[in-house]
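Asks: One structure is given below, represented as structure tokens, and several questions about it will come after.
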Amino acid sequence: MTSIEPTHLGKKVIVGMSGGVDSSVSAYLLMKQGYQVEGLFMKNWEEDDTDEYCAAADDLKDAQAVCDKLGIKLHTVNFASEYWDNVFEYFLAEYKAGRTPNPDIMCNKEIKFKAFLEFADEILDADYIAMGHYVRRRDIDGTSQMLRGVDGNKDQSYFLYTLGYEQVARSLFPVGELDKSEVREIAKEMGLITHDKKDSTGICFIGERKFTDFLQTFLPAQPGNIETSEGEVIGTHQGLMYHTLGQRKGLGIGGLKNSNDDPWYVVEKDLVRNVLIVGQGGNHPRLMSNGLVANQLHWVDRKGPANGSKITVKTRYRQQDVPCSVTYDSDDVLRVIFDEPVAAVTPGQSAVFYDGEICLGGGIIDALIRD
């Protein structure tokens, strides 16, 4: 492990301690760099907060154990009200409108880099905040850029595109310079209880329960027909909100007569007729698009790429970058044309743009371009 010179003596950093290995190692690395480190554990969810589904109590216990091991103070804060108003209600509204939202992106925007930063500033007198995200910060020409994490498989810039350079400048991302395996090795060397803790996956407020059961608690299901792209009814669905474009599993329509062995995919959701439209093969023509229109734009530098720029885009997490060209229909509407057709571009999800290793920002996919 590389030794780090303590060059930041006296600067106070509040680390978002989640009870996971990434935030644990972030706190340790910042201590080694000479920062005055304190932890802050966020409780963001209370509805149906039972032992069966919610790991918050265990996560807090692990966060406290790590802070005790490192000899730092751990604060706690309850952002459940802010989370409900700014993240969960958005999540429900998007599903109700037939789109597929990404609540993790909204959580970063409204909670981790807004409510958390404000609390760290006003209550804890922080110079910086820090999170266990796999991204990097680069300060250049008086501003701060956000770069992809070194570990390409764990890079989380897709989830942080709504940050402006002002927030990036106030944030530290120690594990963004490391591979995940290195992070776990550091945690093990330091004897941190989280060194072999499983990474959290899925949507935080759903936990281990079935997504359909959870969603039905808040939005009544509206069953309807499943049709092929040729218009033949071949099954029923329990609600369009349970399905997303490109979905293959859970359709319950295998082994049909007069069809080949290719898997079925969701290729369209007809909201007017409440019909789920499916087609066979991952390259089905109705699954492909030549571009997209994005709105609700956020640019890290607050300006965005120039009109006509050739850059790259991700339309979902861990997707290979897609070369594209971009033009503005207005200040808040961007038209994106892919160099090659892309499958399963999904309205409601985010399109995030890159110039090499620099995350430029992004927007919400509003419409697909198929011509």
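Each residue, glycine too, has its Cβ placed from N, Cα and C.
Checked Swiss-Prot, it gives:
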BINDING   Gly16, Met17, Ser18, Gly19, Gly20, Val21, Asp22, Ser23, Met42, Gly132  ATP binding site
ACT_SITE  Cys107  active site, nucleophile
DISULFID  Cys107-Cys204  disulfide bond
SITE      His133  site 'Interaction with tRNA'
ACT_SITE  Cys204  active site, cysteine persulfide intermediate
SITE      Gln349  site 'Interaction with tRNA'
Asks: Can you check what DSSP calls His133 (site 'Interaction with tRNA'), collapsed to helix, strand or coil?
Replies: coil
Asks: List the recorded positions among Cys107, His133, Gln349 whose C-alpha is within 10 Å of the C-alpha of Asp22 (ATP binding site), in sequence order, or say none.
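Replies: Among Cys107, His133, Gln349, the ones whose Cα sits within 10 Å of that of Asp22 (ATP binding site) are His133.
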Asks: Counting every protein chain present, what is the number of Cβ atoms, excluding its own, within 10 Å of the Cβ of Met42 (ATP binding site)?
Replies: 26
Asks: Could you tell me the C-alpha distance between Met42 (ATP binding site) and His133 (site 'Interaction with tRNA') in angstrom, no decimals?
Replies: 15
Asks: What is the interatomic distance between the Cα atoms of Cys107 (active site, nucleophile) and Ser18 (ATP binding site), given in whole Å?
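Replies: Given the Cα positions, Cys107 (active site, nucleophile) is 14 Å from Ser18 (ATP binding site).
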Asks: Check the DSSP secondary structure of Gly16 (ATP binding site), expressed as helix, strand or coil.
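Replies: The residue in question, Gly16 (ATP binding site), is strand (DSSP, three-state).
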Asks: Please give me the CB contact count at 10 A for Cys107 (active site, nucleophile), counting all chains in the structure.
Replies: 26
Asks: What three-state class does DSSP give Gln349 (site 'Interaction with tRNA')?
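Replies: Looking at the DSSP assignment, Gln349 (site 'Interaction with tRNA') belongs to neither helix nor strand, so coil.
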Asks: Translate the DSSP assignment of Met42 (ATP binding site) into the three-state scheme.
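Replies: Assignment for Met42 (ATP binding site) reads strand.
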Asks: Which value in Å gives the longest Cα to Cα span across the ATP site residues Gly16, Met17, Ser18, Gly19, Gly20, Val21, Asp22, Ser23, Met42, Gly132 as recorded?
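Replies: Answer in Å: the longest Cα-Cα distance is 16.
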